Amino acid sequence: MPMRTIKLSDGKVIPALGWGNGSGGIMRNSDKAVDCGVTALKAGILHIDTAQYYETEAETAEAIVKSGISRDKVWITDKAREILAMKLTTVSQTEPGVIREAVLESLAKLDTRPDLLLIHNPFVGDAANQGKIAEFWRILEDMVFDGTVHNVSLGFSNFRPQDVKEVLKVARINPVVNQLEFHPYVLAQLEPLLEYQKKNGITTEAYGPLTPLLRHPTGGPVKPVLERIARAHGCDPASVLYLWTVQKGVVAVTTSTNPDNIKKIADVNSLPDLTADEIKQIDDAGKQVHFRYYKEHMTKDYPAPDLPEDTKQ
């Protein structure tokens, strides 16, 4: 099966479709995390997204072994837990051992190095944490330089423009990914950040890409556009959203425990591209509203556009 990929600024090639080993009832559910991971890998989704917070790192490793697929064929994205950075304010203002210990624990659970290691959150909201993002980043860089996470790409998740800039001011290793809630209904807010990231070699990775279909109360103005395009392409609206995401140069990470839906994610690799006009139709419909599901992220000191959450209100 062909596989859609995106080239990162450090030269590595990441599968454009990833399966998330965390949400959807999988987090802290060992058996489900393993079984669904095996299903995803065997279906052809060779990118698994895990995190310390999800507590599915060991299960990710087990799924790879049980799938029978060679480790070098699978891309692993892992995320360092934001609470570790919070400990820096209680243990010491500059305590690299806390983060180092946690990353070593992740390596042991994965039984390998991840391909991509992200800071899970910028832990904003606590004045004591100001400036800690840069410290956290430099500790991860040091672990690359000393060989602990040799050849591991670095990035972050849920970083606002000011957080990205804080890292870039000190970075010796350029971040390659910012993982964000990304779908048409946050496009109006994110476009300036996306452009800034693009100029600085930072690829966007999406979580929650199906939010217009799964989490918006009515589906909003995007839903009928997706349905119309899906009929024209002979696929379902979710597949259209995946195509829209990856054709915008964004890695799409999603999750499902349903084997049929997992297969549909993998099948996006072999679907024909949307046309430029179809992508524009989705863009235009999405920018009529602003709807963010994970409101704990990308909201503090990051104004939302003056748009309704739904055109049907």
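Cβ atoms here come from the backbone N, Cα and C positions, even for glycine.
Please treat TrEMBL annotations as automatic predictions, because they have not gone through curation.
Now, the feature entries from TrEMBL:
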type     : residues : note
DOMAIN   : 27-285   : domain 'NADP-dependent oxidoreductase'
ACT_SITE : TYR54    : active site, proton donor
SITE     : LYS79    : site 'Lowers pKa of active site Tyr'
BINDING  : HIS120   : substrate binding site
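Locations of recorded TrEMBL features on the structure.
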residue: TYR54; record: active site, proton donor; DSSP class: coil
residue: LYS79; record: site 'Lowers pKa of active site Tyr'; DSSP class: strand
residue: HIS120; record: substrate binding site; DSSP class: coil
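Averaged over the domain 'NADP-dependent oxidoreductase' (27-285), the predicted model reaches a pLDDT of 91. Comparing local CB density within 10 A for the recorded positions TYR54, LYS79, HIS120, the maximum falls on LYS79.
For LYS79 (site 'Lowers pKa of active site Tyr') paired with TYR54 (active site, proton donor), the C-alpha to C-alpha distance reads 9 Å.
A straight line from the CA of the residue listed as 'active site, proton donor' to the CA of HIS120 (substrate binding site) spans 11 Å.
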